[in-house]
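Below: one structure, written as structure tokens.
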Amino acid sequence: AWSDRSLPGQEFVLVCLDHVVVLTYTPCVFQVSKKDFDGFKKLFHRFLQVEGPSVDWPKIHRPPEDSIQPYDKIAALPLPDSLADSLNKLVVVKLNGGLGTSMGCKGPKSLISVRNENTFLDLTVQQIEHLNKKYNTDVPLVLMNSFNTDEDTKKILQKYTHHRVKIHTFNQSRYPRINKESLLPVATDIGMTGENADVWYPPGHGDIYASFYNSGLLDQLITEGKEYIFVSNIDNLGATVDLNILHHLVSQPNGKRCEFIMEVTDKTRADVKGGTLIQYDNKLRLLEIAQVPKAHVDEFKSVTKFKIFNTNNLWISLGAIKRLQEQNAMDMEIIVNPKTLDGGQNVIQLETAVGAAIKSFDNALGINVPRSRFLPVKTVSDLLLVMSNLYSLEAGSLTMSQKREFPTTPHVKLGSSFTKVQEYQTRFESIPDMLELDHLTVSGDVTFGKQVSLKGTVIIIANHGDRIDIPAGTILENKIVSGNLRILDH
């Protein structure tokens, strides 16, 4: 187990498995670092005690019928004349710890433009401001940043000074990566530069409970009369405040108040790795693929046995978070995430997931919501969908266009030439009309002219060394395009 003590001067001592590690610090960061190390010690100690898979497969059962409610049943209940009282009890929390590196962008992912020059953060602020103006309420926005995103995010927040949204931030913890063989931290000091640039990590969004509590912001919001947070990933453009779910939460009788709601949605073959809800030891529990014994992974991926998955849209009682933190009763499985550093060193980082705490809360509930509430932008292929005429934008919210005959989202797969946002932008003179598209695959050196229309199934493949320029105004319907097609200025 870990122990620590501060020394005179500027050092922090960690003792792990009879090894002593001395990390230097500056006094101004000591207080934050002390809380981080306390949290890390607990997590690491639990990691050493865990043996084998965290679930006993025969004990897994389907959740009882009443533990996952269909959204239609919740939405059928009439809303009160005044929604202001309910909204004034709500805080919107966005998980804002991620960088845009997977899409070839520097800085926080939330600052990538996704629609009409609006970033993820712009759209979030517009949504909440619309609610506050329409209902004359005070719903604040809280951003959980990481050390990777905090500085850039705070700079950009100045632009929202005159918007009708109070914005708060707090930081995730900063934990040291661990050498896979020695189980010692690879950090040599508490700094973030030079050799230490990649030896620290934010420990997953399950860290929200401790960091929120430690920041003092949780207590502040409770004092202001707030009762629930709506938590979601900032890159999920479907995760807007739902008045029906909020009303369901606040209208429960006191003794049966639901402390945790997880929005789930029907699984498709694209979602087979997503976490699902199960009944385990008489508690509703989130089962992630990392917890599944290898012999049962195919069973876990089955769309017939496990029909729903977690959208990571969560509604959680602030009072319950405070109680569980103070009782040290927040129980989340540890996710061991192996990484290889740039120098080739194998490390592990210990993480937790915010939804895994569902079993710690009273009267927890799943709500099976429409797929429209899960619209994540993880890749440039997703970005093409949300930038297209498949969606209309109003008050920061994207909704599927009424002109599309089928409510399903087309399957889009753009090749490696489109991986980075900057490359992608140079390949489209304008975003194609995709209202009647079912499937699009693009591979190789391909560009699109203005006002291209894609319908049905379209596959465009430029082989190595070839290039395909789709001319302006082209209509492709159920077509395979391959070979070499160049259009040159005359």
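Heads up, the Cβ atoms here are built off N, Cα and C, so glycines get one too.
Curation does not apply to TrEMBL; its annotations are automatic.
Sequence-distant contacts of D235 (UTP binding site), defined by Cβ-Cβ distance under 8 angstroms and a gap of at least six in the same chain, are G98, K109, S110, F120, P376, V377, K378. Among the features that TrEMBL reports, UTP binding site is placed at K109, Q172, G204, D235, K378.
Annotation comment: TrEMBL describes H205 as substrate binding site.
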Of K109, H205, K378 (the binding-site residues), the residue whose Cβ has the fewest other Cβ atoms within 10 Å: K378
Annotated UTP contacts K109, Q172, G204, D235, K378, maximal Cα-Cα distance (Å, integer): 21
Those residues of the chain, 6+ apart, with a Cβ under 8 Å from that of G204 (UTP binding site): I335, E351, T352, A353, V354
Number of other Cβ atoms within 10 Å of the Cβ of Q172 (UTP binding site) across all protein chains: 27
Whole-number Å value for how far H205 (substrate binding site) lies from Q172 (UTP binding site) (Cα to Cα): 8
